[in-house]
Amino acid sequence: NSGFLPQSKEKMAPDKKAATISNVTFVRPAKFYLSGFSNIPHVTYFYIFLCFVYIMTVVGNVLLLSTLHTPKYMIVFNLALTDLCGSTALIPKVLDTFLFDNRYIVYEACLSYMFFVLFFVSVQSWTLVTMAYDRFIAICFPLRYHSIVTKPAIAAMLLLVWVVSLSIMSCLVGLLDRLSFCGSLVIQSFYCDHGPTYQLACNDTSLNYTMALVCIAAVMCFPPILIVLTYVCIAIALSRIASGTERVKALKTCTSHLILVAIFYLPLLGTYIAVLSSYIHPNARIINSILTHTIPALLNPILYSLKTEEMLNSIRKLCKSNRLSNMTLSNKMTCL
């Protein structure tokens with residue numbers, strides 16, 4: 001594929017720039033173009049819906065972050081922080097790109113955009129695994145829970161999640177810098193997605209493909225497998241409990257997490273399977289991908305975090321203060 005590379009800067013197109021490392025020239029575009037949806041009428045309403053989703057996500061997760069301060073909710077805090085950062089990395093730029101028609105994105109900005117979106121997806125995925133581990137210890141080893149799930153242990157696990165995700169995604173995105181982009185610069189996606197971007201390259205992309213498979217396995221395959229294994233162990237432990245009431249009580253502590261796992265993984269896995277097994281329309285893939293990146297972050301505070309004692313106490317206090325203010329107002333009206 002070396003024939004696709006320009007011999008000198010003078011022969012290079014004005015929208016391209018070159019970097020030479022060890023006598024090998026890499027052609028890097030000044031900008032990429034994000035295609036987004038094709039031939040969808042009234043698509044503006046969808047972006048307005050995304051704006052609403054982002055506002056509600058920020059409100060829900062900021063409220064949650066301001067409420068959770070105890071060590072036992074470190075994992076929930078990490079999930080809320082990841083949701084907030086992940087949504088902020090993606091949605092505002094999507095709105096700027098398509099709602100205000102700024103579809104060209106600088107090469108370096110595109111790689112940064114890609115890194116942060118994929119990084120927070122990875123952190124979110126492994127945070128769900130950490131939650132499954134917490135439920136596994138709580139149900140299978142209830143007497144040893146407080147000695148195993150300690151603040152330092154959870155902090156170490158979450159730190160490992162961030163460091164490993166940072167390393168994997170840095171490697172994935174960094175490998176794009178060795179590619180040359182000599183032809184089309186149109187990324188067939190709603191953001192600088194890795195697959196549609198590296199497929200535009202005109203030199204060997206086998207290493208990028210291999211790294212993409214590694215990342216898919218690390219983010220989308222291993223975590224759900226580990227979660228399934230933990231719930232198999234939980235199911236076995238619950239089957240040994242004689243009381244049906246105790247089983248239901250223990251299972252209720254897992255329902256919110258199971259719903260989040262289904263919402264997060266099933267659409268992504270479905271898309272990957274559809275892409276590998278048959279043709280899926282680009283618009284359907286984009287809609288599925290957008291909703292997969294945004295809806296879990298919106299629902300997490302509702303489905304999981306609102307079950308925390310601190311949040312419930314805050315809601316009770318708010319309802320109590322509203323009730324007292326209404327009673328005071330009613331008494332004043334009676335006196336008048």
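Backbone N, Cα and C atoms are what each Cβ position is placed from, and that goes for glycine too.
All annotation found in TrEMBL is predicted automatically rather than curated by experts.
Record features, source TrEMBL:
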TRANSMEM  45-66  transmembrane segment
DOMAIN    50-304  domain 'G-protein coupled receptors family 1 profile'
TRANSMEM  73-91  transmembrane segment
TRANSMEM  111-133  transmembrane segment
TRANSMEM  154-176  transmembrane segment
TRANSMEM  209-238  transmembrane segment
TRANSMEM  258-280  transmembrane segment
TRANSMEM  286-306  transmembrane segment
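If you look at the transmembrane segment (45-66) against the transmembrane segment (286-306), you find at least three C-beta pairs under 8 angstroms, all six or more positions apart, and that counts as contact. Note on the transmembrane segment (258-280): residues 124-125, 128, 132, 216, 220, 223-224, 227, 231, 288-289, 291-292, 295-296, 299-300, 303-304 of its chain, located 6 or more positions outside it, place their CB under 8 angstroms from a CB of the stretch.
Note: the stretches the transmembrane segment (286-306) and the transmembrane segment (154-176) are not in contact (fewer than 3 CB pairs below 8 A, sequence gap of 6 or more). Looking just at the domain 'G-protein coupled receptors family 1 profile' (50-304), the mean pLDDT is 89.
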